[in-house]
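**Student:** Provided herewith is a single structure, encoded as structure tokens, for subsequent inquiry.
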Amino acid sequence: MKKYKHSEITPELIYNKRRKFIKSIGLGVGSISLSSIPFLNNAYSQNKTKLTSYEDITTYNNYYEFGTSKSDPYRNSQEFITKPWSVTIEGEVENPVTISAEEIISLFPSEERIYKLRCVEGWSMVIPWMGFSLSRLLSKVSIKNTAKFVEFESVYDPEQMNGQRYPVLNWPYREGLRIDEAMHPITTVVTGLYGKTLPNQNGAPLRIFVPWKYGFKSAKAIVKIKLVENMPTSSWMRSSPREYGFYSNVNPNVSHPRWSQATERVIGEGILAPRIETEMFNGYGDEVAHLYSGMDLKKNF
Ligand SMILES: Nc1nc2c(c(=O)[nH]1)N[C@H]1C(S)=C(S)[C@@H](COP(=O)(O)O)O[C@H]1N2
Ligand SMILES: [Mo]
């Protein structure tokens, strides 16, 4: 295991100093930009819990393209080349487009979005993401009314991604959302974290983040967004349909077939720290519960 380099810890120190500085001079966080990525606060950011450390966020990862242990993505993704990179938006649209990652990042200014990530395995982190609403990116295409779902595809590159040389999952990694879920303002295109460019192990150059769903719904290193008529089959649904459904909303009342989802372990709090109670929709119910009114969330797990 490589030792953690000093240069990789500084983003967190810089970030915290910058926050204190902004507080001390009494400015609203949104009123100035001190970093290369615009540093804005956001109506949807939640700051009721302690931020997970930069080190934990970037060394404890799930990214099976780079291996299945939590330390594999950090160890195996450092040389991963993310330039040039482009994202294609296609399917049920009038005007399919391919846009470079650079253009996406410059067209849509990123803002700070502090959201909790709750993995289906029963742990969570609070992450100061940088990003913008997916709906803004989707405004680049005019969507036909035949489109009902959005499918995301991660990159397929077994030369660079050692994990893709094994059939752990059906590659490339695929995920999906209903259109109204994709258009919800808290559904985010992530460009960075802790005020810094997104590390490879967290899904550089661009990944999706859906705060109210289990972590696996948030595909990393996306290259394709496809508007489709029918509900897509995600990689996890294909590998184990009994365990992983299409919706996968965080729900303390619906157990995974092999474990309860009522509580979660907070990463960074130590093995002996008490687990905390898992919240419905990961705590974002006020924002998103209306999307599921009248739906049986046990059936539609
Ligand atoms: N392409 C891809 N995206 C992925 C995964 C993956 O293996 N491959 N793992 C998912 C899972 S299970 C989780 S919990 C989150 C983890 O994100 P993080 O490592 O940035 O915390 O990424 C999700 N996105
Ligand atoms: Mo996960």
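Residue positions begin at 1 at the first shown residue.
Glycine too: its Cβ is placed from the backbone N, Cα and C atoms.
TrEMBL lists N61, Y64, E65, C119, S154, N202, R207, S218, A219, K220 with the feature Mo-molybdopterin binding site. What TrEMBL lists as domain 'Oxidoreductase molybdopterin-binding' is 82-236. As annotated by TrEMBL, transmembrane segment applies to 21-40.
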**Student:** Going by DSSP, is E65 (Mo-molybdopterin binding site) sitting in a helix, a strand, or coil?
**Tutor:** helix
**Student:** What is the biggest Cα to Cα gap, in Å, among N61, Y64, E65, C119, S154, N202, R207, S218, A219, K220, the residues listed as binding Mo-molybdopterin?
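**Tutor:** Greatest Cα separation within the listed binding residues comes to 18 Å.
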**Student:** Name the residues of the same chain, 6+ apart in sequence, whose Cβ is under 8 Å from the Cβ of A219 (Mo-molybdopterin binding site)?
**Tutor:** F152, E153, S154, Y173, R174, E175, G203, R207, I208
**Student:** What three-state secondary structure does DSSP assign to R207 (Mo-molybdopterin binding site)?
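**Tutor:** In the DSSP reduction, R207 (Mo-molybdopterin binding site) maps to strand.
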**Student:** Give me the count of other Cβ atoms within 10 A of the Cβ belonging to S154 (Mo-molybdopterin binding site).
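**Tutor:** For S154 (Mo-molybdopterin binding site), the 10 Å Cβ neighbour count is 26.
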**Student:** Give me the non-local Cβ neighbours of N61 (Mo-molybdopterin binding site): same chain, 6+ apart in sequence, Cβ-Cβ under 8 Å, ordered along the sequence.
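**Tutor:** Result: K70, D72, P73, Y74, Q201, N202.
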